[in-house]
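Here's the structure we're looking at; comments come further down.
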Amino acid sequence: MIMAPAGAKRNILERLDAGEIVIGDGGFVFALEKRGYVKAGPWTPEAAAEHPEAVRQLHREFLRAGSNVMQTFTFYASDDKLENRGNAQRFTGTQINEAACDLAREVANEGDAMVAGGVSQTPSYLSCKCEDEVKGIFKRQLDVFVKKNVDFMIAEYFEHVEEAEWAVQVLKTSGKPVCASLCIGPDGDLNGVSPGDCAVRLVKAGANIVGINCHFDPMTCVKTVKMMKEGVEKAGLKAHYMVQPLAFHTPDCNCQGFIDLPEFPFGLEPRILTRWDMHKYAREAFNIGIRFIGGCCGFEPYHIRAVAEELATERGCLPAASEKHGNWGAGLEMHTKPWVRARARRDYWEKLKPASGRPRCPSMSTPDSWGVTKGHADLMQHKEATSQEELKPLFEKAKASH
């Protein structure tokens, strides 16, 4: 059965409390960078105001693929990030956030989807600004989300649980459900706080849903959420759980994840997960009790379609995009070549070990392990463009490490 738009929409907690599966969307900054609408480096979302047609179309593709959540394209849309290191803007953070909310709501209303307003880590926190100043940044973004009446909030992409706690405390004042997802792995946040302890702190701060997004591959993220779940249950607390990982294989990553890989961000394509990898991810996430399952950087709509197809029995429906995709490659039955028709079966794709086609390349990389985090001189941010004098020692350090 193909999923049809529903009538009255229930909020995310009502859905999760009922045991339903909520499917998120994918990585807008990476997807739109590849399409020519986002600049790598700043990774800021001015496309919501500059090129709304591109953002709208990507929302529609994720909706068609099965997403229940249209997350506003507001990643890094705080004024301190929009103005960081010479990043010139024609739009204010408020204008970008308002445009992003309008686009997400327009597309969500075309199907059974909710709108989530999102905030993320700030340069101000890395530069050791005070709690009130960092919270003020989140509050200015929240004012837009409240004005636009989004359905729930997501505090995502936090490397330090302390900053995530501050974000949750601010978002909670809206009275709307709050999700909190950290971009950490099994080793914990960048101060060494374990995933379990991070989750407990986030729940106590007011998060209804906790989990992991970005920085690591799906199985690593699922493993980390499992550790969070165990910590919350051990503390006698209750929460729902979410996971929105990378669509890249990251077995060689250290605690800072894929940003330490030498291939980041322009050479990651050989690591991309197949749609069949996504089936395994969706099943593993479901099996450990995660019910908000989506994606982050590298996820394209076909990845989300694979998640929705894997969980079609549990959800009672298929996404609209499955009209153009036979179950486990069944569409290949119509191919002109017999050896391709022979691949129209589940056991072929489940057991496939894809070749890289790169005979001179290693199977894994050596991450850049500079070991700097909040408070280090190299992470002090400023509005002025990065100078050649600042870059020269970084180039020399990078050469010495390889």
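Positions of Cβ are set from backbone N, Cα and C atoms, glycine also.
A quick note: this is a predicted structure, and the numbers were derived from the prediction, not measured.
Packing around Cys296 (Zn(2+) binding site) is summarised by its Cβ count: 30 other Cβ atoms lie within 10 angstroms of its Cβ, all protein chains included. The Zn(2+) binding site annotation in TrEMBL covers Cys214, Cys296, Cys297.
Per TrEMBL, the feature compositional bias 'Basic and acidic residues' maps to 375-402.
The domain 'Hcy-binding' (10-311) scores a mean pLDDT of 96 in the predicted structure. According to TrEMBL, the feature domain 'Hcy-binding' maps to 10-311.
Residues or ranges marked as region 'Disordered' by TrEMBL: 354-402.
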Return the residues near Cys297 (Zn(2+) binding site) by Cβ distance under 8 Å, restricted to its own chain and a separation of at least 6 in sequence. Gly27, Val29, Phe30, Cys214, Leu246, Ala247, Phe248, Phe258
